[in-house]
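Here's the structure, in structure tokens; my notes come after.
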Amino acid sequence: MNTSKLKQQLPDTRACHGRNSPPDTGDDAKEAIARVTAVDRGQYVITNAQGEVPAKLTGRNLYISESPVDLPCVGDWVRVSYHDAGAHASILEVLPRTSFLRRKRPGSGIGFQMIAANIDVAFIVQSCHFDFNVRRLERYLVMTSEGHIEPIVLLTKIDLIRPEALEQLISTIRGAGIGARVIPISNVSGSGIDQLRALIESGKTYCLLGSSGVGKTTLVNRLTGHASRATNAVSHSGEGRHTTTRRQLVALEGGGFLVDMPGMRELGVLGVSEGIDDSFADLQARSLNCHFSNCTHASEPGCAIRDAIARNEVDAAQFQSYLKLKKESEYLEMTHHEKRQKDRNFGKLVRSVMKSKRRQDE
Ligand SMILES: Nc1nc2c(ncn2[C@@H]2O[C@H](COP(=O)(O)OP(=O)(O)OP(=O)(O)O)[C@@H](O)[C@H]2O)c(=O)[nH]1
Ligand SMILES: [Zn+2]
């Protein structure tokens with residue numbers, strides 16, 4: 001990943017008047033304001049004009065923030081103090097956010113968790129080929145509107161459908177009363193990519209939301225000018241620990257920034273997972289014809305899905321996306337369940353301790 005690009009751009013970002021320039025704190029000490037570019041289990045990486053620095057929340061801040069939404073997240077502008085000649089930083093304060101992406105905290109009926117902050121534009125990505133689903137689109141739009149983020153709809157893989165079919169999709173979107181800008185693109189033919197590039201403004205922050213397999217990675221590689229995201233990691237060692245965190249805020253060509261977190265791309269993680277089954281209604285319906293009711297469509301005999309793929313009635317790649325999404329949402333449910341189980345066990349433990357204590361007291 002091109003670190004120097006991000007470094008060079010930070011001072012520019014401060015100078016420009018984009019909405020997500022750091023707020024003016026009336027303080028000229030540049031190094032005291034930085035942006036959170038990666039978060040990994042309580043470890044932070046911040047980027048200032050000099051580069052990336054591992055950072056920690058100060059103890060005081062840990063205790064003051066009574067809600068997880070107050071904790072720093074990717075994209076936050078933070079006030080920091082440096083130590084060890086600038087090699088480490090302490091986050092003193094999160095500056096007010098102009099926008100945010102959040103999700104419900106798994107396992108808790110109420111309460112949110114921040115995913116990213118200070119995003120100007122969210123590209124909501126749907127593929128014209130199999131993935132398109134207007135209700136899921138609506139759910140993403142609710143999310144961006146709650147977070148004060150401007151949505152732009154990207155319809156990908158237009159090379160796989162006829163122009164009339166694309167017109168039809170766009171009128172479905174308009175018919176649902178969605179007024180957001182729609183840009184049809186193809187990563188294969190390159191159609192629409194220049195229009196998209198031209199939209200990217202220096203100093204603004206963007207994100208991509210959309211199901212697995214719609215072409216987000218391919219697009220990110222085009223927009224960052226990199227062939228691969230594999231080397232996109234930041235190492236930071238703090239207090240004897242050596243960890244590597246993938247950079248979650250990356251520089252785009254033309255001076256924009258992109259929030260690129262593995263988790264935020266997935267529907268389940270964002271809490272939009274109800275959309276999974278209706279967008280894959282065809283697969284769902286076909287799977288009812290599998291010989292075994294609990295068919296995993298892997299190798300069981302009489303599998304209606306594999307038969308349909310063999311007859312070219314179902315797209316194999318689409319089916320892979322379906323399996324992947326299923327697995328992700330099941331995984332989320334599982335961890336939620338495990339957490340609840342753990343809470344119950346803990347509750348039992350507390351009750352039994354209290355009971356024996358009461359007995360002792362008597
Ligand atoms: N025909 C066609 N194929 C595309 C296009 N964009 C991406 N693909 C292909 O679609 C597949 C999935 O693309 P990715 O970029 O990995 O999709 P993704 O949204 O990043 O998927 P995840 O990484 O699972 O979130 C790849 O095989 C791409 O080559 C496109 O515009 N047209
Ligand atoms: Zn099957």
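Using the three backbone atoms N, Cα and C, a Cβ is placed for every residue, glycine included.
Those TrEMBL annotations? Automatic predictions, nothing curated.
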For the Zn(2+) site, TrEMBL lists CYS290, CYS295, HIS297; sort out which one of CYS207, CYS303 goes with them.
CYS303
According to DSSP, folded down to helix, strand and coil, what is CYS303 (Zn(2+) binding site)?
coil
Can you tell me which of GLY210, VAL214, THR218, our binding-site residues, come within under 6 Å of ligand 2 at the Cβ?
none
Cα distance, HIS297 (Zn(2+) binding site) to GLY210 (GTP binding site), nearest Å?
24
Nearest recorded site to VAL214 (GTP binding site) by CA-CA distance, among binding-site residues CYS290, CYS295, HIS297, CYS303:
HIS297
